[in-house]
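These come from TrEMBL:
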type     : residues : note
TRANSMEM : 12-33    : transmembrane segment
TRANSMEM : 45-66    : transmembrane segment
TRANSMEM : 78-99    : transmembrane segment
TRANSMEM : 111-137  : transmembrane segment
TRANSMEM : 143-165  : transmembrane segment
Amino acid sequence: LGSSSSVPFTSIFSQLFMTVVVPLIIGQIVRRYIKDWLERKKPPFGAISSCVLLMIIYTTFCDTFANPNIDLDKFSLIIIVFIIFSVQMSFMFLTFLFSTRSNSSFTPADTVAIIFCSTHKSLTLGIPMLKIVFAGYEHLSLISVPLLIYHPAQILLGSLLVPTIKSWMVSRQK
């Protein structure tokens, strides 16, 4: 196409490593030493993580849609929502088909876990990755819109499909 670009691979890799891998390793090491204390005290980590996730989503939405350079019209937003819902449903359907093949050894409960776990991605990892990879890019807000739609779409589709998937799983287990 006649254009080229250079990507600071080592810088991006080191920032992603420090943002994603190092906290995970530190958390696993610390967990070994305070596991007994955590089991005795039972801190409300579920509520804390939900609040942190909500804050990340809220600040990302604010950063994205407060940006005057976003230039996203309503028709484009509707098209993006439609495409994301279609992609999400397609991935869920494909994982269902592959996990229920006759030669697969997955139980119905395994299939349900595969459907939900394999297609779900989180803003908590996606947004930091976007901010590192596209640091300084003026259209970062526009790039983050699909991820901002994908996360609520997976929650909405998951909640809508739970009754259907539950009845399928119960009927297959009998």
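Cβ coordinates are placed from backbone N, Cα and C, and glycine is handled just like the others.
Curation plays no part in TrEMBL annotations; they are all automatic predictions.
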Winner by Cβ pairs under 8 Å against the transmembrane segment (143-165), considering only 12-33, 45-66, 78-99, 111-137: 111-137
Intrachain residues whose Cβ lies under 8 Å of the transmembrane segment (45-66), provided they are six or more past its termini: 122-124, 127, 141, 144-145, 148, 151
